[in-house]
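Please read the structure below before turning to the comments.
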Amino acid sequence: MERRRITSARRSYASSETMVRGHGPTRHLGTIPRLSLSRMTPPLPARVDFSLAGALNAGFKETRASERAEMMELNDRFASYIEKVRFLEQQNKALAAELNQLRAKEPTKLADVYQAELRELRLRLDQLTTNSARLEVERDNLTQDLGTLRQKLQDETNLRLEAENNLAVYRQEADEATLARVDLERKVESLEEEIQFLRKIHEEEVRELQEQLAQQQVHVEMDVAKPDLTAALREIRTQYEAVATSNMQETEEWYRSKFADLTDVASRNAELLRQAKHEANDYRRQLQALTCDLESLRGTNESLERQMREQEERHARESASYQEALARLEEEGQSLKEEMARHLQEYQDLLNVKLALDIEIATYRKLLEGEENRITIPVQTFSNLQIRETSLDTKSVSEGHLKRNIVVKTVEMRDGEVIKESKQEHKDVM
């Protein structure tokens, strides 16, 4: 039964050894502690005393019973270790498959997703930059047109102010001409009144003289001829009338000339005033048209500025959303990297556990082989013992592979003394 258990344990170890393979960073595991079988079989002398055979047989039976119990316990532990190794191998395979899947698919897929989204984001950013540049060019053109229209409006305003100033001057000249005409009319009226007054005075003087002549009836008889007073008065009257007529004619001629001059000036001023009013109306219409154009351009400019602000705000929002998306993707990538690192760490830990279990299994196998060899050796040859020391050293050959060196050290002892020692090295690549 013990042999069957050992054979089944060997078979289980062989099957598990063929299944256990892994990849991961190397780690120096050191050497396995030296194993000694001196505690199980005490050294025997070279010559056997047959008188002590019974005692030796009794001691051997007790030793065999204790060794059998110890082997059963070790066998049970070995079976539990094998079950644990199988369970860990299954987990190792699942983790290795998941790791290979992550290595094969996730980075490439994630990189493709990143590249596609980055290309889309760059394309949209280029479009937004182009639209922004186009809107800036349109805004600059509209600003230039607005400056030109403002300059034209300023020129037209200056012309309107100049026309208003000329109109004010013309109005002042017309007022002055009106005042001059009124003054001349007043002077003509005063001259007519003066002529009437002088005529009345002259008539009164003539009447007084006639009355005086009628009252005085002086008859002077002289040798000379009598003077003709009526002729003298008539002559005086004629002279006064001639003077008055000439004065009136001169006054009328001067009044007519002045009135004609004032009429010409007034007509010219009226024509200039009419032209100024016409020009003012034209300027007013042009000013209204330019004001309407300016208002429309202001509305267009405000609309374009509003659209530009909306575009900038939308661009800022989209940029913020893209930045958030990039940050989120980077966080997801970082979390995936951390998860991958965690899986790798777990895989490394499981690999270390597996290597430790492999070492322990190898140790138990060596113990079992030594036990089988000791069982097959006759009693009289118990003085020759072989102790093997196994050490494992793992060195990194390349990434993803482990190189395991198994050193088997054989020591032959007789009477507690080392008489022969040999060492064998086996290389195993995992």
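Cβ coordinates come from backbone N, Cα and C, glycine included.
What Swiss-Prot says about this one:
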{"type": "COMPBIAS", "residues": "9-18", "note": "compositional bias 'Polar residues'"}
{"type": "MOD_RES", "residues": "Arg11", "note": "omega-N-methylarginine"}
{"type": "MOD_RES", "residues": "Ser12", "note": "phosphoserine"}
{"type": "MOD_RES", "residues": "Arg21", "note": "omega-N-methylarginine"}
{"type": "MOD_RES", "residues": "Arg34", "note": "citrulline"}
{"type": "MOD_RES", "residues": "Ser36", "note": "phosphoserine"}
{"type": "MOD_RES", "residues": "Ser80", "note": "phosphoserine"}
{"type": "MOD_RES", "residues": "Thr108", "note": "phosphothreonine"}
{"type": "MOD_RES", "residues": "Ser267", "note": "phosphoserine"}
{"type": "MOD_RES", "residues": "Ser321", "note": "phosphoserine"}
{"type": "MOD_RES", "residues": "Ser383", "note": "phosphoserine"}
{"type": "MOD_RES", "residues": "Arg404", "note": "citrulline"}
{"type": "MOD_RES", "residues": "Arg414", "note": "citrulline"}
{"type": "REGION", "residues": "1-70", "note": "region 'Head'"}
{"type": "REGION", "residues": "71-102", "note": "region 'Coil 1A'"}
{"type": "REGION", "residues": "213-228", "note": "region 'Linker 12'"}
{"type": "REGION", "residues": "251-254", "note": "region 'Linker 2'"}
{"type": "REGION", "residues": "376-430", "note": "region 'Tail'"}
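Overlay of Swiss-Prot annotations on the structure.
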| residue | record | DSSP class |
| --- | --- | --- |
| Ser80 | phosphoserine | helix |
| Ser267 | phosphoserine | helix |
| Ser321 | phosphoserine | helix |
Pairwise CA distance, Ser80 (phosphoserine) versus Ser321 (phosphoserine), rounded so that it is a whole Å: 56
Arithmetic mean of per-residue pLDDT over the region 'Linker 2' (251-254): 78
Distance from Ser267 (phosphoserine) back to Ser321 (phosphoserine), taken between C-alpha atoms, in Å: 78
Local Cβ density at Ser267 (phosphoserine) - other Cβ atoms counted within 10 Å: 11
